[in-house]
Amino acid sequence: MADQQKKIHPVHEEDVEAQRSPPPTLPFLPKDSSRSDHDKVPQRIFPVHHSKPPKKRSTRSCLCKCFCWTLSLVLILIIVIAITLGILYLAFQPKLPKYSVDRMQITQFNLTNDSNLQATFNVSITAINPNKRIGIYYQGGSHISVWYTDTKLCEGSIPKFYQGHQNTTLLNLPLTGQTQNATALSNSVQQQMQQTGNVPLNLRVDQPVRVKLGQLKLMEVNFLVRCRLVVDSLSADNAIRIQDSSCKFRFKL
């Protein structure tokens, strides 16, 4: 009975857990791999992250930047010009020239046998330069004309000269012209004189000049003078009286 009894050994919990847990498995390797490959420690494989290609600049953003730079440069240029003009204005205190038509004499104003109107005027114009530090060079290529409504009666030019500081110059200018088929024009002038006792005329002056600031000569510009005249008659060899006169002046680049 004693022989049939088996010895009972205490069972530890560690042994039970070891029996329950499955044996460690080796990583799968191909059949052709050598034993040394089994001995190697498997390396961890990290996923490869591909960097995103740089974004291309859009055409719209480039155009916006170019526009902003251009606008900034234009604004800076305008500011510089404004400051320069302000300094020149304070230094020279420019004033516009003044013009007036003082006298008009008609030596010829009659119809020829072929209905052409011959007109010869002598016009006296006073040009005033009121500036203390600015001179005016009157260049060649000027044009002066006298008009009745939309018809040019006569024309001429102003001679070249220099007008100094605060100078007043009297110009005596001969103007001549011929209008073809002027029978209706002559009748209109006579009818105007009978109804109103006067004749409205327009005097136009286009004069290229160069302005002198101190010792500096500026670029050539044009003076445009427009005078509205009212005379008592257009009869030849008579003293023509100017009843009303007003002149406007402006620059033309």
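Using the three backbone atoms N, Cα and C, a Cβ is placed for every residue, glycine included.
Taken from TrEMBL as is:
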- 1-13: compositional bias 'Basic and acidic residues' (COMPBIAS)
- 32-42: compositional bias 'Basic and acidic residues' (COMPBIAS)
- 128-227: domain 'Late embryogenesis abundant protein LEA-2 subgroup' (DOMAIN)
- 1-58: region 'Disordered' (REGION)
- 66-92: transmembrane segment (TRANSMEM)
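Long-range contacts of the transmembrane segment (66-92) within the same chain, counting only residues at least 6 positions beyond its ends with a Cβ under 8 Å from a Cβ of the stretch, are 131, 133-134, 213-214. Within the model, the domain 'Late embryogenesis abundant protein LEA-2 subgroup' (128-227) carries an average pLDDT of 94.
Per DSSP, the domain 'Late embryogenesis abundant protein LEA-2 subgroup' (128-227) is made up of 14 helix, 62 strand, 24 coil.
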